[in-house]
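What follows is a short report on a single structure.
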Amino acid sequence: MSTKSYSERAAAHRSPVAAKLLNLMEEKKSNLCASLDVRKTAELLRLVEVLGPYICLLKTHVDILEDFSFENTIVPLKQLAEKHKFLIFEDRKFADIGNTVKLQYTSGVYRIAEWSDITNAHGVTGAGIVAGLKQGAEEVTKEPRGLLMLAELSSKGSLAHGEYTRGTVEIAKSDKDFVIGFIAQNDMGGREEGYDWLIMTPGVGLDDKGDALGQQYRTVDEVVAGGSDIIIVGRGLFAKGRDPVVEGERYRKAGWDAYLKRVGRSA
């Protein structure tokens, strides 16, 4: 795992998206990504306004929104991202051949490449998925974009481990600029070959151990000590009975303290 500070890594990173994110993390003292799966745009924007000061990254699933529109959802979302200084990660999990994912990324109702700083993909279809998504981004925007590969998942019974994970890492090596890291539960290495991948870890909780649908939670200290750079937290921030302000600061501090411990810095 990396023991360098976020700012040190930002200064040397090949990806402008990764460098921007790492600098935001250092500036805001946050490695918290909020995962907000809600059905209404108004609820999404309300939660983003409240949680914005505590996060470095917002993870969305815009296809869950029942009232999505570019003008009423994406425009205000981008304004909030600028106001609160966080990036946006649309958790699309692309998993098709290169030409198809290129169209899915750039076209249709959501036009993800136009507004999402980061997206992600499965490695099951091979390296063509990376090339297709990169080409799509270059065709529709001058803004830098980044891709995460899904190397490991937090759900019970996931098939993303072992040989599959190793194969996904090899696919990530096909593009040093566009692929910025992984969705993973552990460090994915690569530093000795010149890669500085960001590791983002879902299934992080300070209280619950899991849910009835197979999600398994690990502690903040556990995942950061194991190599995670960004903790992804969803219902722990805004579920019924939880105050997003209290939980946002609680998880931000827990994640930051764990990072300081890993790199040998004091608060």
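In case you wondered, yes, glycine gets a Cβ from its N, Cα and C as well.
Features reported for this protein in Swiss-Prot:
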type     : residues                             : note
ACT_SITE : Lys93                                : active site, proton donor
BINDING  : Asp37, 59-61, 91-100, Tyr217, Arg235 : substrate binding site
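According to DSSP, Asp91 (substrate binding site) is assigned to a strand segment.
You'll find the Cα of Asp37 (substrate binding site) roughly 15 Å from the Cα of Lys93 (active site, proton donor). Sparsest Cβ environment among the binding-site residues Ala95, Ile97 (other Cβ atoms counted within 10 Å): Ile97. Around Asn99 (substrate binding site), the C-beta neighbours below 8 angstroms that are at least 6 residues distant in the chain are Gly132.
Cα of Thr60 (substrate binding site) to Cα of Lys93 (active site, proton donor): a span of 11 Å. In this structure, the binding-site residues under consideration are Asp37, Asp91, and the one with the smallest number of other Cβ atoms within 10 Å of its Cβ is Asp37.
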